[in-house]
Amino acid sequence: MPSEKPAADGDVAETRSLARRASEAALLARSDVLLAKPWHGLAAGCIAGASGVIIGHAFDTAKVRAQVSSGGGSSSSSHQPPKSLLSLYRGILPPLLTTGAVRSMYFGVYETLKPLTSTAMKRPTTELSVVFVAGALTGLIVAPVTAPVQRLKLVQQVEGGSVREVWKRLMATGASSLFRGLGLHTVLETIGSGCYLLAYAATKKAVASERGAAPGAGSASAAEEPLSIRVACGMVAGCCGWISIYPLDVLRSRVMSVGSEAAVAGSTAGTAGLSGLVATAVRETYASGGILAFYRGLGFTLLRAAPVAGTVLPVYDVSKVWFAELGA
């Protein structure tokens, strides 16, 4: 009789594990069907975006400082190690105040475009090509909204100062300064958004196939995806998305982080047009360290991308369910 106790304990543990997985699956399944009102998705996107900023901003600051450095022994403040953890959160206010709203818009645009893209391409919404095209179009549409925020953030991260001070410095050269590098930013966001969402969908399909589920089979397969699986897929997708566009991000940081009028006159803004800005940024980057300079700061980016991407989508799912269950 005593030999039956371990087996019973094992049955209890297995039952608890199955119950936990069923609870996670039910949560994820409800996230796809409980969205009764548009503001639920918008509010969930706001919370998800803010959580991503809080988790990833310190890594983002370290990445930007590495990208714009010359790679030499300069004593510039942007090349020095951070004096404190708080210094890595310099420039967090603009994205914290705006990323939630932008993320809400992003999710809204993507969910609107996905069925339209599916109809135009005559393929199901779960098709990877549909996911990529809808994601790329979403990045294209959202880019003009995010460009000024990105500009403010980059200048503040590199040059320092309050948001008001950075705003005054940029506006001293005209309102168009806020949109410096818009073309490059748009190209990056278009490619990056498509690759990120494609990687997320492809990873989920691969995991579903390994687990014996039919990928893209609708709500039934979605219900079989535990929350931990979505977190892991988000982390993989975040890293893949950044690797696909990282050289462009290095160029964007150089083009958009130039702040004062004097710096603009003496750097990449001295050449008219987007092609001139990018060409000058390419020359400056290559001169600072060759091909490897286009991947400077990649480690910081991947350290940031994994937890941020692994947080945003699960938080979005959970928040969406919570708002829907309020019944408001």
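Our numbering is plain: 1 for the first residue shown, then up by one each step along the chain.
Cβ from N, Cα, C; glycine included.
Unlike curated records, TrEMBL annotations are generated automatically.
The repeat 'Solcar' feature in TrEMBL is assigned to 36-116 (among others).
Feature annotation from TrEMBL assigns repeat 'Solcar' to 126-206 (among others).
Applying DSSP to the repeat 'Solcar' (225-322) sorts its residues as follows: 85 helix, 0 strand, 13 coil. Residues or ranges marked as repeat 'Solcar' by TrEMBL: 225-322 (among others).
Long-range Cβ contacts of the transmembrane segment (39-59) within its own chain (Cβ-Cβ under 8 Å, at least 6 residues beyond either end) map to 85, 88-89, 91-92, 95-96, 99-108, 111, 300-301, 303-305, 307-309, 311-313, 315-317, 319-320, 322-324. TrEMBL lists 39-59 (among others) with the feature transmembrane segment.
Annotation source TrEMBL lists transmembrane segment at 128-147 (among others).
Sequence-distant contacts of the transmembrane segment (128-147) (same chain, six or more residues past either end, CB-CB distance under 8 Å): 102, 105-106, 109-110, 113-114, 116-118, 121, 178-179, 181-182, 185-186, 189-198, 201-202, 205. Across the repeat 'Solcar' (126-206), DSSP classifies residues as 71 helix, 0 strand, 10 coil.
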